[in-house]
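Colleague: Quick one: the structure is below, questions incoming.
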């Protein structure tokens, strides 16, 4: 691939970088200046920014600012520079931080002390690097960091392995690389770069620049890379990658050192061996001391004597206070920290106040304050890879996944904006410019509330979100919290005061933008004499307030706006209205049994096999076996108990393997052997008795408290007597009202002769109704039942009793009914249809007409092609809206899918006359009133 470019020359101000420092395009750098140097730099634009060529360059690269500067690397005789845009000047107490963002390369034609004529070449194409070598480099980096930090190797039984690990840590090159590559901004950038190169598509020129900026390549290679063009630049880049791979694979291989170390035991006596090792260690310590002296951290004044600075235990705090201007800390906070440190120096170290104040300053120093002189890499997160990561971790949960992808898309667009913040220059009385405060970030992290029953994966989804974003993860359990100081921190006047849980999470994660999970927020303590912790959450979770969150222990504002808060709850309505209003609610429904089968095969079984020490093919379970466990051994919306059962089977297989009698296959008949008898034996029907007449029994559908659906049998028996209805079976208030509506509606139909037939037939029905005492019972009387969705079931049950006409056992129904016979929509359609399917005998279900949209949503939810799903969803909704306007119904793809998947025929009913026509296929009809009301 060739490199084509157009070039033009422009005169720009010059900023010469410190020694061995180099800027690269696409990276944001923050550099600390003293105030006079910053003013000198700003004053150079008074004439330059009016240049037409400068304006043309700014326009060509999409820059809203014309404040361009040629940043010359800190390397002798450099004829190359990086053209940067100055995003802003940020005033500190004694210094000024200038934010540069690299725009493009420049080649110096002529220069003096303050200005340079720079030739800018705009490249339109750059050859792609060898991504295999890139992936190899990232693998080497991961292996090196993992091995270097592995404390477990020090306890290894292999003496040679222990020696190799210790010698690696003694290697200066390894120590320096670990320090640089472990930095939070560098590690996050490398992680995103690995994902970007793994896609084998994208802006590789930008990715290459970011990698050269992140990795500590030699300055000669960096200069050569900056200077080169087109295909030559790729050659230099490949040399950089080859150099880094050689460092990890050869120079950091301590096997040879370990051999020499162990050979001391064989080539000399034990005493001589110990002497050699002692000399090695003493030489290291001596040279380390010289290095410390070279850095100016220690001054030796004479043999055996040290200065007071050597014994100053507050040296680290002093260094932190001296460098406060390099951190993004509130100005009031900087003043308070400096004041407290001055007070600390006046105290006696033996006093209790000294220890309290020192502990406070150490906590402040340990917080991950953002450095203003660090650079910000802007590698975009790959949405396709993020989607793959979320799908690999969790099954379903489409609404939550789509919300995370939306946030990533917005984050990518913010990263692509140039510049991030347009500098705002405010000129005073003279020619010297001053600057405004740093503007707040316009990108606010969303605050999500995942609500749903236990065990559906809310907590693990939050962890997966952190992995996808490449951020640190912290979990805070707020269930039962009854002291607001646990969140806001304790004031330092109290004995044993500590920061709040939010600040502690920042300190543990060493990041100012982690993903923080606030678990079980619906179970947080209520008002007490210690304050209301839920009210404390209002400030934390409000994007307009948490930019200045005030922790009582810290004592000055902290910016929490870049934290991604994810909250979880089981009951959404346990939260107060103000708190609920601050969060984006994402409802996670319980899994149906088909989903549990898929989750078991893809996630639970492989995970439990690994935990049991078995191979991935050591256990084989078919869908029928897994479904049996899900339906007969568990009754839950989530998968926790199901995973425990699978774990028990895997442990049983592990025992069999050790006994030499293991087989792979686990069938339905083997379940009792491994996990015992089912917790409840589900019957497909209550069964008919010998004296049952057959009528007065109807199958309803229920949505259970555990998030599942099931068949619910309604039974009615009539006795001679005055007309009344008794109800048993622990029925709730709403269900009892539905029974009264059913009784009244049937009486109304009979008294008004609305049942089709001869007058003699109608009179007989009315007489039978008026002289029958009805008893309604819903089996499983120990379980309380409530809700309006059994309205048509009870009405049909009473009508069946009066007509003495049997309702087919293969039929089930659900729907609320009104006094006028209208059938209203209900909830839990998805779960109820699955419950009808699992009953084993139902092949036809009556649903309210207005619930067709729920069937459509379930059909769309189960489509794997999300783009196609969105198109079909819009199409079906438009079609459904038109059908409702015309008063028609339609059976299309969603209904066909239900029949193919669950074996259920869906019939939609709009009023009770539709129910009768569908149940008895036209044998029983209503005439007059209700039919006329529909017309």
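Each Cβ is built from the backbone N, Cα and C atoms, and glycine gets one as well.
Dumping what Swiss-Prot says about this protein:
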type	residues	note
DOMAIN	12-296	domain 'Lon N-terminal'
BINDING	452, 453, 454, 455, 456, 457, 458, 459	ATP binding site
DOMAIN	692-922	domain 'Lon proteolytic'
ACT_SITE	789	active site
ACT_SITE	832	active site
Colleague: Summarise the model confidence on the domain 'Lon proteolytic' (692-922) as a single mean pLDDT, whole number.
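Modeller: Mean pLDDT for the domain 'Lon proteolytic' (692-922): 88.
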Colleague: How many Å separate the Cα atoms of residue 455 (ATP binding site) and residue 789 (active site)?
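Modeller: Distance between the two Cα atoms comes out at 26 Å.
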Colleague: Using CB atoms and a 10 A radius, I'd like the single residue among the recorded positions 459, 789 with the highest neighbour count.
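Modeller: It comes out as 789.
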Colleague: Between residue 789 (active site) and residue 454 (ATP binding site), how far is it from one CA atom to the other, in Å?
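Modeller: Taking the Cα atoms only, residue 789 (active site) lies 25 Å from residue 454 (ATP binding site).
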Colleague: Return only the integer: C-alpha distance in Å from residue 832 (active site) to residue 456 (ATP binding site).
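Modeller: Approximately 18 Å lies between the Cα of residue 832 (active site) and that of residue 456 (ATP binding site).
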Colleague: Mind telling me which of the recorded positions 458, 832 has the densest Cβ neighbourhood, counting other Cβ atoms within 10 Å?
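Modeller: Most Cβ neighbours within 10 Å: 832.
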Colleague: Among the binding-site residues 453, 455, 457, point out the residue whose Cβ has the most other Cβ atoms within 10 Å, with all shown protein chains included in the count.
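Modeller: Result of the Cβ crowding comparison: 457.
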Colleague: What is the Cβ neighbour count of residue 456 (ATP binding site) at a 10 Å cut-off, with all protein chains included?
Modeller: 25
Colleague: Using an 8 Å cut-off from the Cβ centroid of 452, 453, 454, 455, 456, 457, 458, 459, can you name the remaining same-chain residues around the ATP site, in sequence order?
Modeller: 450, 568, 570, 588, 637, 638
